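Listed features, source Swiss-Prot:
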COMPBIAS  17-26  compositional bias 'Polar residues'
COMPBIAS  35-46  compositional bias 'Basic and acidic residues'
COMPBIAS  80-91  compositional bias 'Acidic residues'
COMPBIAS  110-120  compositional bias 'Basic and acidic residues'
COMPBIAS  121-130  compositional bias 'Acidic residues'
COMPBIAS  131-143  compositional bias 'Basic and acidic residues'
COMPBIAS  167-179  compositional bias 'Acidic residues'
COMPBIAS  182-205  compositional bias 'Polar residues'
MOD_RES   Ala2  N-acetylalanine
MOD_RES   Thr73  phosphothreonine
MOD_RES   Thr89  phosphothreonine
MOD_RES   Thr92  phosphothreonine
MOD_RES   Thr96  phosphothreonine
REGION    1-46  region 'Disordered'
REGION    12-17  region 'Required for binding PPP1CC'
REGION    43-55  region 'Required for binding PPP1CC'
REGION    64-205  region 'Disordered'
Amino acid sequence: MAASTASHRPIKGILKNKTSSTSSRVASAEQPRGSVDEELSKKSQKWDEMNILATYHPADKDYGLMKIDEPSTPYHSMIGDDDDAYSDTETTEAMTPDTLAKKLAAAEGSEPKYRIREQESSGEEDSDLSPEEREKKRQFEMKRKLHYNEGLNIKLARQLISKDLHDDEEDEEMSETADGESMNTEESNQGSTPSDQRQNKSQSS
């Protein structure tokens with residue numbers, strides 16, 4: 001019986017029928033205006049915005065942000081308000097390779113200023129030390145310079161390596177010439193008679 005009632009019902013589609021939508025419009029037009037306002041008031045929600053502001057955005061809430069109470073860094077303008085003091089690059093002309101090479105050549109023999117200051121300050125410190133401590137300090141500084149002077153160490157290592165290679169080449173040449181001479185003597189010994197070999201042995205001993 002359930003199968004027979006299901007077959008008598010019309011199948012409803014997914015799309016709305018034009019007749020059903022027009023009938024609902026007609027019905028809504030026939031209703032008085034007051035009932036429409038009641039329906040809208042039932043469907044809509046009213047928000048208490050002041051309550052929301054008080055709940056979600058209270059005045060004392062910090063939202064996890066840090067408050068920095070320290071004063072901002074003061075700005076100090078340059079000492080000397082001369083226009084020339086602002087930039088040296090504006091007044092200087094472009095550096096040419098020739099002038100740069102001359103300056104480098106002139107500065108090559110001189111030590112940097114910071115090293116001169118270090119030597120002056122170390123001289124003042126040395127006056128407080130005993131002669132033994134001065135000698136110990138001098139030896140330490142010399143060893144430190146030797147240890148950290150990598151350029152000199154690399155040059156020395158290259159010289160030693162080239163010297164070793166040159167010595168090895170000479171040894172190989174000498175061994176090759178010695179091998180060649182021994183082979184020549186062996187060949188000559190093989191070509192001679194046993195009596196000649198005995199004479200050669202007696203002469204060599």
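Cβ from N, Cα, C; glycine included.
Within the chain carrying the region 'Required for binding PPP1CC' (43-55), a Cβ under 8 angstroms from the stretch's Cβ atoms is held by none of the residues 6 or more beyond its ends. Averaged over the region 'Required for binding PPP1CC' (43-55), the predicted model has a pLDDT of 82.
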